[in-house]
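Asker: Copying in the features that TrEMBL gives for the protein in this structure:
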type: DOMAIN; residues: 61-132; note: domain 'PAS'
type: DOMAIN; residues: 310-347; note: domain 'PAS'
type: DOMAIN; residues: 448-482; note: domain 'PAS'
type: DOMAIN; residues: 581-796; note: domain 'Histidine kinase'
type: DOMAIN; residues: 822-939; note: domain 'Response regulatory'
type: MOD_RES; residues: Asp872; note: 4-aspartylphosphate
type: TRANSMEM; residues: 7-27; note: transmembrane segment
type: TRANSMEM; residues: 33-55; note: transmembrane segment
Amino acid sequence: MHCKKMNLPIIMFSLGICFSYLIYRMIDLNDVGLWATFFNLVMLIIITFVILFTYRSYMKKSRLFVSLFDNHPSLTFLVDGNGNIISVNSKVINTLNYTYKQLISNQFWNLFVNCDEQQYIQNQLELAKSGKSASFIGKIHNKQRSDGITMNFTLIPITIDNKDGIFFIIGNDISELQTYRDRIVKTQIELRNTIRKQQGMIFKYIKQGDRYIHTLCDGELLYRFGLTPQDVIGKSLGNFITSNNVIHNKTKSYDLAWAGEITTYEGQINGISYVASLRPILRNGKVIEVIGSCVDISDRKNMEEELRKKTNLYRSVLTTMSEGIFLISKSRMITNLNDNVEEILGIKSGVFSEAGMNQLGIEFVREDGSLWEYKDLPAMVTTDHGTIFKDAVMGVKANGNIKKWISVNSKPLALSEESASLVSFSDISLQKKQELELKEMNAFNEILMENTQTGILVIDENRTILLINKALREILGIDCDEKVHGVLVGQFHSAFTQTESFSEQIEDIITKRVPRTLTVRSVNGYIFKLHYSPLNLNSRGQAHLWTFENITEMSKLQESTLKAQEEAVNANMAKSDFLSKMSHELRTPLNGILGFAQLLELERTLDDRQQTFVKKIITSGGHLLNLINEILDLSRIETGKMQISSQVINTAKLIDECIGMMSPVSEKSNISIVADLDHIADQFVYADPIRLRQVMLNLIDNAIKYNKENGQVNISCKITKHDITVYIKDTGIGFSNQYVDDIFEPFYRIKETNTEGTGIGLSLTRQLMQLMGGSIGAESVKGKGSTFWFSLPIHHELELTEPEDKNSNISSWEIGKKFKSTILYIEDNLSNIDLLKEIIEAQTNYSVIIVDSGKKGLDIIKNKKIDLVLLDINLPDINGYQVFNEMKQDENTNKIPVIALSANAINKDIQYTLDKGFDDYITKPININEFLLTIKKYI
């Protein structure tokens, strides 16, 4: 800047000399006129003055610029477009402690400490070339301060000598200001951390347009809300709250605060309840911002909720409890705490005076019937004197009658205004009624206990007597006046026989506390049944109850009964044995009668009259055989010896067979049998075919026997899901329904009919049906007929094999044997021998050998070729079983088939014989056709 100040005057002076010399030469060379010379001289003087004036003006401005540049209070730099320093003022040198030479031509940005700042300044210089000013802050080097000086720089583009790209840079030291700002930032950080650490939350907001913008928000509560300062600062309520209702309510509170009113409101975020306080900040009477604070009140809310629940609970308890509760003050003001007070006593809240009680017509009485005076009522005494009443019993009397009983409790209660009493009462009318009934019951029990013939004794754990009645006193020989309560019961054990063992037994029972019954005998010959029961007496602990029942007469009766039962059993066994023997003894002669009658029936030499006699013999003999069989079957059932052999049976086929068997009988009586069986053609039941046939034949026979002349028997069936029911309906004389149950009893006969009968058939039929898992019944109308029915479960599996037809006539046999088969008949009864001899000899393919003892039979078997043995069981020397055993032990005879032929028809005996290994069993009397069919199976 100093070099440029010296050059300008020299240039101006040189220009003046040049102009003067030029004018001189022009005058000298061209000889111009004087005026021309003068004119040139004047022009030269004017130009010189102009130049001098301009120079002085320029020098003045230059000195002013230099003075401003040098004396500027701030650091001032003159920098060219490449960043080179052209000039600096003294402030720069003094502040940075660099020489002028060290600074000139150095690039301006090299003066800065941070590389990032250097790059930033380069960019700012480039941008300033477009003529725009710029400001920036940077830290510049200082020789005495290693950390540099923080300065604020202003970059101004200027033009010098019509040259652009020159920059005037002014810098101000802001180190202290930066330090202050750093302190403010640090303070703000510390404040923010303090706010963040506190349990609550602080926030600020301002109003921009119609929105409230948060400028501060921090605190522990903010994070518990699930938010961060970034979620709130610079944002309005709608940016972080989703509920329109919450936004609306908060905005109303924000409005009040912005209007200058200190406001509080409550809310809940993320399950946390809080209360917020808004305090407006005013400047010049105008709100510039609002500061808010939030405090977590969840605990308070929880306590309030808990208190509310408890209050509701207490209110609910008071409302639902059966007791009445009220407060009564010293001024006799009653406050009902629930509705029971009015419902039970008829007393409403208000003044409770003696006059008011009389007006209501209410009186209170004691248990002895005396009246409670108004001043003596528990509520009054407690209120006046502080006396506590508990379970005071009072009767509520209205219109002269006790309507109910109440139990009253009262205790003093200290209120803030005055002393009072809390009174509660419950309706015990039912309890009093039960007490009265209990008293009456106790009195009755006492009378009953004292008048009962059963001795009663109650003892405690120490074996001392608590209670004893009159009957036991008499049993133990204790006088009525003698006091035995508290006396050890053991001293009375001597009243019974075997005292020592009796005492041990009693002690064992009491120790185990298990109910027991035992029989003991007293020394005077009486028999007692002692029954023990453990007791629990709440007030007196455990106890023991003994009852003494005199069973002397009962024991005698039981002994008689047992003896009678034993005699009955023996008689029943004797009856069964008798029936068995009678069956055997009756069958033996009957075998001869029916056997020879059947042989006579086969004779063709008999005339019609003789044939009629023979048929009557066979019919009567058959009836007698049926009677014997029925009696025997009934006996078997009664003794439980009847055995059922069930199999799958085609129901329709069996019924059809029975109809065929009964057709001759019905035709003889002009009774028609009509059956509808088509719909059960493929239906099966599981039953014993012999016994089911026996039932069916019996019912059809009865329907024919008790029918009218030219009557009809209708047989029908009904099928359900599980059963088949067969109905046998007749058009006979019928009987009254009152006999329906009786006709199935053994040996019962309806008196209204003259038709013969044993009274066994229907009883046997019912018991057979029960044995086969079925049922039977009857309906009847006197004069119109009867309907008998039986029902059996359906069997859903088909029977694949058909039973042999045992009723085939012997005339249909095919006799293809070339030689006769030899039959050995071992029998000692002459009638039976003659009958069998006649039957066998009538057959061309059989020969028979007959012996009358078992040993003779064994000799024949060993010495002759025998094809079949017919063996009687009851023989004079050895029985049939011994004969059979010896045959089976001999390998030469053990293959010969053996058929038992006996009059013993007991199922047990038949099964026993078959189990021994007999091939078959034929009972006497024999049916010739069936007998011959059986023989044919084995030879």
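Quick reminder: no glycine exception, Cβ is built from N, Cα and C everywhere.
Nobody curates TrEMBL annotations by hand; they come from automatic prediction.
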Asker: With Cβ-Cβ distances below 8 Å as the criterion, list the same-chain residues six or more beyond the ends of the domain 'PAS' (448-482) that contact it, or say none.
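Answerer: Result: 488-490, 492, 495, 510, 522, 526, 528, 535, 540-550.
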Asker: Taking 10 A as the limit, how many CB atoms besides its own sit near the CB of Asp872 (4-aspartylphosphate)?
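Answerer: Looking across every protein chain shown, the total is 25.
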Asker: Would you report the average pLDDT that the model assigns to the domain 'PAS' (310-347)?
Answerer: 79
Asker: Taking helix as H, G and I and strand as E and B in DSSP, count the residues of the domain 'PAS' (310-347) in helix, strand and coil.
Answerer: 17 helix, 10 strand, 11 coil
